[in-house]
Amino acid sequence: MTPDLFEFEERQRCRKWREELCPGAVVLHGFAAQDDTAIFAALHGVTGEAAFRHMITPGGFRMSVALTNCGAYGWVSDRTGYRYDATDPESGKPWPRMPGVFLKLAQKAAASAGFEDFEPDACLVNRYEPGARLSLHQDKNERDFGAPIVSVSLGLPAIFLWGGLRREDRPVRIPLMHGDVMVWGGPSRLCYHGVLALKEGNHPLMGGYRINLTFRKAT
DNA sequence: AAGTCGCC
DNA sequence: ATGG
């Protein structure tokens, strides 16, 4: 198959995905770029209180992505399962409070995508190093799927995988760069998604990492 | 179960 | 290298 034909078919698939599989998902290119130094400073505050760690999946595997949380609730995984917890299992203390710059950014992005009054109570902070990946999954540990998901990309670029509502739906590849924000909710709230293994690189602000902030209403 | 592997 |  020629590259042109491949690109044409990929475009067709993207259109089908937008219109049929995941309506309501939005990519806001560069939306967070202007705030990146403030976000970076706030991030240091959060990770100083609750360090990145590699959680264990119920299957007993170590996740390649390191994560921590801020906000009233944090997403945790161990051999017993996935859940939201108000305390950090590493320290027994509450998660760091959600920085104002995080909350405002999430609310502004949600509103831009048509979701007014987004009140996230959980912010997952994912750190990808080269080789780290996230296989296809749904965000479904939240109590109420009425609220959207807001996902902020910082640092090294990554290829995001956007699937449909069924695991068998072949994902579309979406390149995400520093400052890009994705919002999905409504009919696309439970779409499968993942991230391909991160490539090596250097970013002026984030160095050799990709940081992803994911805002959710957990309760 | 948000993982990894071997095989094709 | 990629994907089932």
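Each residue, glycine too, has its Cβ placed from N, Cα and C.
The record from TrEMBL ties A:HIS137, A:ASP139 to Fe cation, and of the options A:HIS193, A:HIS203 it ties A:HIS193 to that site too. Secondary structure of the domain 'Fe2OG dioxygenase' (A:119-219) per DSSP, as helix, strand and coil residue counts: 3 helix, 44 strand, 54 coil.
Of the binding-site residues A:HIS137, A:HIS193, A:HIS193 has the largest number of other Cβ atoms within 10 Å of its own Cβ. Summary of the Fe cation site environment: with the site residues A:HIS137, A:ASP139, A:HIS193 set aside, the chain residues having Cβ atoms within 8 Å of the Cβ mean position are A:LEU134, A:LEU136, A:GLN138, A:LYS140, A:CYS191, A:TYR192, A:GLY194.
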